[in-house]
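Visitor: First the structure, which I've put down as structure tokens, then a few questions once you've had a look.
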Amino acid sequence: MARQEQQQHLQVLSALDAAKTQWYHFTAIVVAGMGFFTDAYDLFCISLVTKLLGRIYYTDLAKENPGSLPPNVAAAVNGVAFCGTLAGQLFFGWLGDKLGRKSVYGMTLLMMVICSIASGLSFSHTPTSVMATLCFFRFWLGFGIGGDYPLSATIMSEYANKKTRGAFIAAVFAMQGFGILAGGIVTLIISSAFRAGFPAPAYQDDRAGSTVRQADYVWRIILMLGAMPALLTYYWRMKMPETARYTALVAKNAKQAAADMSKVLQVEIQEEQDKLEQMVTRNSSSFGLFSRQFARRHGLHLVGTATTWFLLDIAFYSQNLFQKDIFTSINWIPKAKTMSALEEVFRIARAQTLIALCGTVPGYWFTVFLIDIVGRFAIQLLGFFMMTVFMLGLAVPYHHWTTKGNHIGFVVMYAFTFFFANFGPNSTTFIVPAEIFPARLRSTCHGISAAAGKAGAIIGSFGFLYAAQDPHKPDAGYKPGIGVRNSLFVLAGCNLLGFICTFLVPESKGKSLEEMSGEAEDDDDEVAAAGGGAAVRPQTA
């Protein structure tokens with residue numbers, strides 16, 4: 001089978017698989033990665049400013065505590081971008097297979113730039129109108145962000161060589177960690193600058209004066225700055241040629257694929273149009289997504305990539321979105337009434353930046369350095385297992401962690417759950433769908449898997465706003481929930497299910513994309529391929 005694949009393989013694809021790491025690889029990582037930097041910044045920075053939005057637009061000076069967003073508004077502001085992302089992943093994933101990766105790639109970036117700026121310009125003076133406008137633009141921001149998931153992963157996988165493909169895709173995704181970190185740092189800088197320029201007393205000392213008028217600029221500037229990295233990389237994204245695998249295997253233009261990659265790799269590559277036509281004639285397996293052939297060859301794989309991403313994102317996004325409430329519950333952030341509005345923003349940003357620096361960013365880069373050594377399967381299993389362990393380690397002795405003197409231990413344990421999410425399923429669930437499906441369906445299947453993940457993120461962001469409420473003392477406007485401790489038990493259960501579902505996902509380390517997808521096989525080999533899941537399944541002995 002290996003010899004047959006070698007005979008059928010186009011020279012342009014073999015050249016890409018065997019290429020040494022070159023400058024164009026790093027260029028592709030930066031160009032694609034800046035999209036993820038922007039994605040993470042835009043999606044996570046909203047959790048830093050929700051408390052500020054509540055103070056500005058929903059404070060009742062007759063009440064003892066500063067205002068907070070009503071439950072339905074908080075759920076919408078936190079979760080609406082995820083709804084847009086889910087829709088964008090499905091739409092642009094499908095479009096990337098129909099029109100080509102490059103032609104769709106610029107659309108997503110422009111949407112991110114325009115909607116990031118528009119989010120900060122949300123107009124009107126009534127709270128309802130401002131929040132409605134903000135949610136409208138954040139939905140379309142999420143729609144653009146959604147397209148970046150399948151397109152960036154697919155482009156990087158189709159550009160990369162076989163030996164270090166996992167590290168290259170992981171490096172693109174790792175820019176998400178820097179985006180989260182940047183969101184925290186930018187918020188720290190802006191809140192510090194405004195706090196120094198417009199000092200204000202704590203809410204309990206001066207209810208009206210604790211939120212200065214200029215605080216309304218703070219959240220707008222933070223959201224609008226998300227447009228900058230995307231804008232800076234637009235030109236370079238448009239200069240990238242279409243991937244050779246799309247041009248050759250989907251558009252059936254071997255001449256153009258060879259010409260494009262000859263420039264990129266700086267080597268002479270034969271056109272081999274005749275060979276491509278022979279391959280098309282010999283291998284007519286142009287089955288669609290909803291065909292029996294796809295179900296036999298890749299059905300369980302798609303179920304595996306979708307369910308693991310879904311379960312991971314329930315835990316991952318709920319942690320990020322209610323971490324400010326966790327910090328409050330362990331007294332890492334003082335009670336709101338003891339701070340001014342800008343002081344509260346500063347303290348929330350400082351806490352999130354510390355978690356990103358210690359737990360989030362290192363986990364991504366451990367994946368980059370180790371994924372092509374130990375494989376995707378082992379990293380994903382380890383990640384889900386350790387997340388389960390640390391979640392239980394937080395939940396079982398939760399009352400111990402919340403007593404005086406034990407708060408730092410809680411934060412360390414909490415940081416480890418983020419570390420093993422990123423040195424684990426948060427990275428691998430992004431990588432594997434870009435490697436195991438046929439070129440003509442690769443972007444679509446990645447989009448489906450990613451959309452399943454965002455469905456989990458929606459459950460996490462909407463559901464846990466309510467679930468994490470204290471059963472005895474819920475926040476104003478909320479019904480009693482199951483509390484942070486029981487929420488952590490639920491998240492541990494999600495991680496355990498993710499561990500089990502990982503066994504549906506094949507190992508792709510060291511294999512070509514065509515070997516994983518079965519595109520190098522004849523129709524005569526279809527039966528073998530249909531039962532060949534075991535051939536690419538990880539060895540667990």
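These residue numbers are counts, starting from 1, taken along the chain as shown.
Cβ atoms are placed via backbone N, Cα and C, with glycine included.
Straight from Swiss-Prot, here's the annotation block:
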TOPO_DOM  1-28  topological domain 'Cytoplasmic'
TRANSMEM  29-49  transmembrane segment
TOPO_DOM  50-74  topological domain 'Extracellular'
TRANSMEM  75-95  transmembrane segment
TOPO_DOM  96-102  topological domain 'Cytoplasmic'
TRANSMEM  103-123  transmembrane segment
TRANSMEM  127-147  transmembrane segment
TOPO_DOM  148-168  topological domain 'Cytoplasmic'
TRANSMEM  169-189  transmembrane segment
TOPO_DOM  190-215  topological domain 'Extracellular'
TRANSMEM  216-236  transmembrane segment
TOPO_DOM  237-297  topological domain 'Cytoplasmic'
TRANSMEM  298-318  transmembrane segment
TOPO_DOM  319-353  topological domain 'Extracellular'
TRANSMEM  354-374  transmembrane segment
TRANSMEM  377-397  transmembrane segment
TOPO_DOM  398-404  topological domain 'Extracellular'
TRANSMEM  405-425  transmembrane segment
TOPO_DOM  426-447  topological domain 'Cytoplasmic'
TRANSMEM  448-468  transmembrane segment
TOPO_DOM  469-486  topological domain 'Extracellular'
TRANSMEM  487-507  transmembrane segment
TOPO_DOM  508-541  topological domain 'Cytoplasmic'
REGION    514-541  region 'Disordered'
COMPBIAS  516-527  compositional bias 'Acidic residues'
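A description of the local structural setting of each listed feature is requested, covering burial, neighbours and distances.
Guide: Note on the topological domain 'Extracellular' (50-74): residues 127, 130-131, 203, 207-208, 210-211, 215-216, 218-219, 324, 336-337, 341-342, 344-345, 348, 465-466, 475-478 of its chain, located 6 or more positions outside it, place their CB under 8 angstroms from a CB of the stretch.
Counting residues 6+ beyond its ends, the transmembrane segment (75-95) has Cβ neighbours under 8 Å at 42-43, 46-47, 50, 53, 69, 104, 107-108, 131, 134-135, 138-151, 317, 321, 443-448, 450-451, 454-455, 457-458, 461-462, 465-466 in the same chain.
Secondary structure of the topological domain 'Cytoplasmic' (96-102) per DSSP (helix as H, G, I; strand as E, B; remaining residues coil): 6 helix, 0 strand, 1 coil.
Listed by sequence, the residues of this chain that lie at least six past the ends of the topological domain 'Cytoplasmic' (148-168) yet keep a Cβ under 8 A from its Cβ atoms are 16-21, 24-25, 28-29, 32-33, 35-36, 39, 85, 89, 92-93, 96, 101-102, 104-105, 108-109, 112, 240, 243-246, 264, 368-369, 371-372, 376, 430-431, 433-435, 439, 442-444, 446-447, 450, 508-513.
Among residues of the same chain six or more beyond the transmembrane segment (169-189), those with a C-beta under 8 A of the stretch's C-beta atoms are 29, 32-34, 36-41, 44-45, 48-49, 152-153, 156-157, 160, 222, 225, 320, 345-346, 348-350, 352-353, 356-357, 360-361, 363-365, 367-368, 371, 422, 427, 430-431, 434-435.
Helix, strand and coil counts under DSSP for the topological domain 'Extracellular' (190-215) come to 9 helix, 0 strand, 17 coil.
For the transmembrane segment (216-236), the list of distant contacts is 27, 30-31, 34-35, 37-38, 41-42, 45-46, 48-49, 52-53, 56, 106, 109-110, 112-114, 116-117, 119-122, 183, 186-187, 190-191, 194, 342, 345: same-chain residues at least six beyond its ends, Cβ to Cβ under 8 Å.
Sequence-distant neighbours of the transmembrane segment (298-318) (same chain, 6+ residues past either end, Cβ-Cβ under 8 Å): 82, 380, 384, 387, 391, 421, 425-426, 429-430, 432-433, 436-438, 445, 448-450, 452-457, 459-461, 463-464, 468, 487, 491, 494-495, 497-498, 501-506, 517, 533.
Within the model, the topological domain 'Extracellular' (319-353) shows a mean pLDDT value of 78, rounded to a whole number.
Tertiary neighbourhood of the transmembrane segment (354-374): same-chain residues 163-167, 170-171, 173-174, 176-178, 180-181, 184, 323, 411, 414-424, 426-428, 431, 509-510, selected by CB-CB distance under 8 Å and a gap of 6+ residues from either end.
Same-chain residues lying 6 or more positions outside the transmembrane segment (377-397) and placing a CB less than 8 Å from one of its CB atoms are 308, 312, 315, 367, 370-371, 410, 413-414, 416-417, 420-421, 423-429, 432, 485-486, 488-489, 491-492, 495-496, 498-499, 502, 505-507, 538.
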Visitor: Which residues, given as numbers and ranges, are at least 6 beyond the ends of the topological domain 'Cytoplasmic' (426-447) yet have a Cβ under 8 Å from it?
Guide: 89-94, 96-97, 101, 146, 149-151, 153-154, 156-158, 165-166, 169-170, 173-174, 245-246, 249-250, 286, 288-289, 294, 298, 301-302, 305, 308-309, 312, 316, 363-364, 367, 371, 376, 379-380, 383, 453, 505-506, 508, 511, 513, 516-519, 536
Visitor: With Cβ-Cβ distances below 8 Å as the criterion, list the same-chain residues six or more beyond the ends of the transmembrane segment (405-425) that contact it, or say none.
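Guide: Beyond its ends, the transmembrane segment (405-425) has Cβ neighbours at 177, 308-309, 312, 315-316, 319, 323, 326, 330-332, 354-356, 358-364, 366-367, 370, 379-380, 382-384, 386-387, 390-391, 393-394, 498, 502.
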Visitor: Under an 8 Å Cβ to Cβ limit, what residues of the same chain, 6 or more beyond the ends of the transmembrane segment (29-49), are close to it?
Guide: 77-78, 81-82, 85, 108-109, 112, 116, 138, 141-142, 145, 148-149, 152, 155-156, 168, 171-180, 182-184, 186-187, 218-219, 222-223, 225-227, 229-230, 232-233, 236-237, 240, 320-321, 323-324, 345, 348-349, 352
Visitor: Report the DSSP secondary-structure composition of the topological domain 'Cytoplasmic' (148-168) as helix, strand and coil residue counts.
Guide: 16 helix, 0 strand, 5 coil
